[in-house]
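Per TrEMBL, these features apply:
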- 125-146: transmembrane segment (TRANSMEM)
- 166-188: region 'Disordered' (REGION)
- 177-187: compositional bias 'Polar residues' (COMPBIAS)
- 230-501: domain 'Protein kinase' (DOMAIN)
- 237-244, Lys264, 310-316, Arg374: ATP binding site (BINDING)
- Asp370: active site, proton acceptor (ACT_SITE)
- Asn375, Asp388: Mg(2+) binding site (BINDING)
Amino acid sequence: LLNLLFSLLHSVPPKITKLSDAIPDHHWCIPFSVAGNPTPHLQWFLDGEAVTEGVYIMTMIHDVTEREYHGCLQLDSPTHLNNGRYTLLAKNEYGTDQKEVEAHFMRKPWDGEEFKTHCFLIVQVYVVVGIAAVAFTGFLLMLVILKFGGNSKFGIKGPSSVISNDDDSASPLHHVSNGSNTPSSSEMGPDAVIIGMTKIPVIENPQYFRSTNSLLKTDTFVQHIKRHNIVLKRELGEGAFGKVFLAECYNLSPDHEKILVAVKTLKEASENARKDFHREAELLTNLQHEHIVTFYGVCVESDPLIMVFEYMKHGDLNKFLRAHGPDAVLMAEGQTTRPVELTQSQMLHIAQQIASGMVYLASQHFVHRDLATRNCLVGENLLVKIGDFGMSRDVYSTDYYRVGGHTMLPIRWMPPESIMYRKFTTESDVWSLGVVLWEIFTYGKQPWYQLSNNEVIECITQGRVLQRPRTCPKEVYDLMLGCWQREPHMRLNIKEIHCLLLNLAKASPVYLDILG
Ligand code: ADP
């Protein structure tokens, strides 16, 4: 009886004393305080629907003061899907209380644009009306031109000048980027596909074709190599634009009569492809760094057009990682030349070199957009260089997601903002570098290999990140997580990453001779 009296005296129905706006911290937090005795049961609703708590959304109580509970609804990397009205319902046997707060974490992709299906219908109507208006205006113009016989007295320009204006805007250098590499509205264009609730814009060209940065100088001197100085030896692989061969090149270096080179051929060069070829050659001439593959020059005497690069003995890094992983070692059981599994320190040595190349690219304001191990090359003594600025999309076609006709996106290496808003920056390159680290520490596994492309897009835009590889030290996984911060400005800086990797690599010296 005394107990009953005591609990009746101290019974307090729930009261929500605080529910405030969401604040970004390490996680997002919707702060609240609730008083009550016995301890109230808490339930959250988002736009009227009960929130199921789990690892990504959970109620956390941080502090208790005299029957008042202070805590957070903690959200790990919330997306636009988490935006809405949050209701907190507190309940115990003596009563209930509830309060509401609006939370806005991320802009919905293509907010205000033709995002929902019904909006598309409206857009289609606009397009039809637009075309009709243009046709009608054209008709009127024709009438005027016919009437005044091409006489420019009224300031009406002939069709040729209109076309030349269009030509200008079609020139790759005309779309001057705004530094941040954010697409202009004209770039958003109609080239987009819809996957689930996400609209993915189409990228027509790698960034450097449109870049105004210092790498595309007008006075670049591209070295020309004579065809008779190139002797093909064997095929090395298939690139996006043609075959890649191992060759001997004569009279290239003053110290050697001939050296081994890798030549990339450009088959069936259309006028545009030729322009791109020359632009890429200019860019490559200006990119010079110990961890960027050396570009020697071009041979354009006749078809096919050729680019000459230094030869990297062990080929692309993805193949190399797979060839030195546990599966390859197992497969080669009993053979005379068994591959040796890469050690952690060798992995760090590889990672550090790629980061060094990326520090250089960032210093040149060059956004790579397609950093992945398939685009890095391995030479002697585990020397690694970033080797490809084009699109190696034929051989590794499953690494890309086809949108529209020809465009392939490396979605598994892309951060949410590149997938959702087609925003490519040095920070999105940092995200990709995190994925490259993951590739290295999994011996070349495909990121999210267990998921389909649509599932990957869903996962990344929802804020999920790759799991820690089995052989990966905590320090390295922390680094990956630093690259995969949802907010681009929260990601680690490329210089910091290089510094951290360099220190980790120094702490565990590499025994290169293991590779043989
Ligand atoms: P593209 O840029 O035209 O798509 P890649 O750079 O992907 O061509 O080259 C295709 C393949 O050729 C690579 O996967 C690699 O195995 C080989 N390769 C390319 N460049 C070199 C090089 N400099 N040294 C050795 N092998 C190379």
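Note that Cβ sites are derived from N, Cα and C of the backbone, with glycine treated the same way.
Listed in sequence order, the recorded positions from Gly237, Ala240, Lys243, Glu310, Asp370 having a Cα within 10 Å of the Cα of Asp388 (Mg(2+) binding site) are Asp370. Only Gly237 of the recorded positions listed as Gly237, Lys243, Lys313, Asp370, Asn375 bring a Cβ under 6 Å of any atom of ligand 1; the order follows the sequence. The recorded positions considered are Glu310, Asp316, Asp370, Asp388; of these, Glu310 has the fewest other C-beta atoms within 10 angstroms of its C-beta. Taking the binding-site residues Lys243, Lys313 in turn, the residue surrounded by the fewest other Cβ atoms inside 10 Å of its Cβ turns out to be Lys313. Cβ contacts within 10 Å of Gly237 (ATP binding site), excluding its own Cβ and spanning all protein chains shown: 16.
When pLDDT is averaged over the domain 'Protein kinase' (230-501), the result is 89. Among the binding-site residues Gly237, Ala240, Lys243, Glu310, Lys313, Asp316, the ones whose Cα sits within 10 Å of the Cα of Asn375 (Mg(2+) binding site) are Asp316.
Glu310 (ATP binding site) sits 21 Å from the residue listed as 'active site, proton acceptor', counting Cα to Cα. Burial estimate for the binding-site residues (Ala240, Asn375): highest at Asn375, by number of other CB atoms within 10 Å.
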